[in-house]
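Annotated in Swiss-Prot:
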type	residues	note
BINDING	13-19, 41-43, Arg306, 332-334, 415-417	GTP binding site
BINDING	Asp14, Glu15, Gly16, Lys17, Asn39, Ala40, Gly41, His42, Thr130, Arg144, Gln225, Thr240, Arg304	IMP binding site
BINDING	Asp14, Gly41	Mg(2+) binding site
ACT_SITE	Asp14	active site, proton acceptor
ACT_SITE	His42	active site, proton donor
BINDING	Ala300, Thr301, Thr302, Gly303, Arg304, Lys305, Arg306	substrate binding site
Amino acid sequence: MGNNVVVLGTQWGDEGKGKIVDLLTEDAKYVVRYQGGHNAGHTLVIDGQKTVLHLIPSGILRNNVKCIIGNGVVLSPEALIKEMSGLEERGVPVRERLFISEACPLILPYHVALDQAREAARGKKAIGTTGRGIGPAYEDKVARRGLRVGDLFDMASFAEKLQEVMAFHNFQLEHFYKVEPVSYEAVLEQAKGYAELLTSMVIDVTNELDAARKRGDKIMFEGAQGTLLDIDHGTYPYVTSSNTTAGGVAAGSGFGPRHLGYILGIAKAYCTRVGAGPFPTELFDEVGDHLGTKGHEFGATTGRKRRCGWFDAVAMRRAIQINSVTGFCLTKLDVLDGLKEIKICTGYQMPDGSIAEVSPMAADAFENVTPIFETMPGWSETTFGAKTLAELPQTALDYIKRIEELTGVPVDIISTGPDRNETIIKVHPFSA
């Protein structure tokens, strides 16, 4: 039985993880975020009501679930408080359900200023970050100058550390990027305002999760972004600044890796990508427009239009290798309704004429790659809202089976709409 389940994206993010986490948390006691920051955008639709979460784990709407923000997450106090307020206005008792690791690095206003100044300076070579300070906060963590949630317990010491790090970053902002420096006094006053709230939510996350495991409590680890955006294994440099893969779970939460059970890979029935970077199966025709319009492909965090393309089994094989995926959840199957034919990328023809069955890693290696497609018949029937396999047309079942054959991994869950009830569960991860 998979008591400890990891839910992560196997593409370039935006795969529909939030809905699936919310659905599966009916059986969980804990939901843990282990990487990323408020650059994530997890959309939940419950009985028609839409909720978008950026930082708080997607289990927060369940009254039986403890939600934890692990040490691998870079935490923006401003974003957290805004998100908490929105939920509390709707009657969600966030403070009773949400807990934070004291080792979470803080995202502060100078990180945001740096992020935006750098993207502007890159011009046409911009990476396409969300501009929310995620990358600079991770840089400070690795450089060992970052401030953490635990530093807020001693504000005198915090003020000294803040002054030192801001002198360093303001020098860059003024003299290299030629923009206004960030006010030290303003940042310090801001920090004094939220220190009590954040420190009141701190727990020993490793100890809490280990005790939960020993009790047999079900724990879910919620990934943000997607495998192909991983800082180490993604299409570098067009990646995020954290480990979005299964390997990030242990490092970003302090939970022992040997105790992880089922790895659920979330994948759209087609592919999307936000921002710059390689995308071999990208469509520039009316089919791409159809996917974008019908799939409402606009980022939950940035509002940016997503690039759309066919399902890429080559990139998926790389994601499976990295994450040791147990089973897939295939989302947005209904977006393919009405297409006469559907294509799957089964290989890449490389510039030297060789055929790659697993995608390269660095972005440069994707240059002049030609996708090799297999064409399958589409279906005219609607799959929207289907709750059983019997409701799916045979051609849709054939498409799902072909994905299983090409990847070697079973599709255990199929999502046919945004609501948590619009789902077909063949194998439940907590029962696998």
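Here the Cβ of each residue, glycine as well, is placed from N, Cα and C on the backbone.
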Rounded Cα separation (Å) that holds between Gly13 (GTP binding site) and Arg304 (IMP binding site): 13
Max CA-CA distance, Å, over listed IMP-binding residues Asp14, Glu15, Gly16, Lys17, Asn39, Ala40, Gly41, His42, Thr130, Arg144, Gln225, Thr240, Arg304: 34
Largest tally of Cβ atoms lying within 10 Å of a Cβ, found at which of the binding-site residues Arg304, Arg306: Arg306
Structural state of the residue listed as 'active site, proton donor', classified by DSSP into three states: strand
Cα-Cα distance linking Gly303 (substrate binding site) and Gly41 (IMP binding site), given in Å to the nearest integer: 10
Spatially closest candidate among Gly16, Lys19, Thr43, Thr130, the listed binding-site residues, to Gly303 (substrate binding site) (Cα to Cα): Thr130
Separation of alpha carbons, Gln225 (IMP binding site) and Leu333 (GTP binding site) (Å): 20
Euclidean distance between Cα atoms of Asp14 (IMP binding site) and Thr43 (GTP binding site), Å: 9
Rounded to the nearest Å - Cα separation of Gln225 (IMP binding site) and the residue listed as 'active site, proton donor': 10
For Thr416 (GTP binding site), the one of His42, Thr130, Arg304, Lys305 that lies nearest, given that the recorded positions are compared by Cα: His42
Alpha-carbon distance [Arg306 (substrate binding site); Asp14 (IMP binding site)] in Å: 9
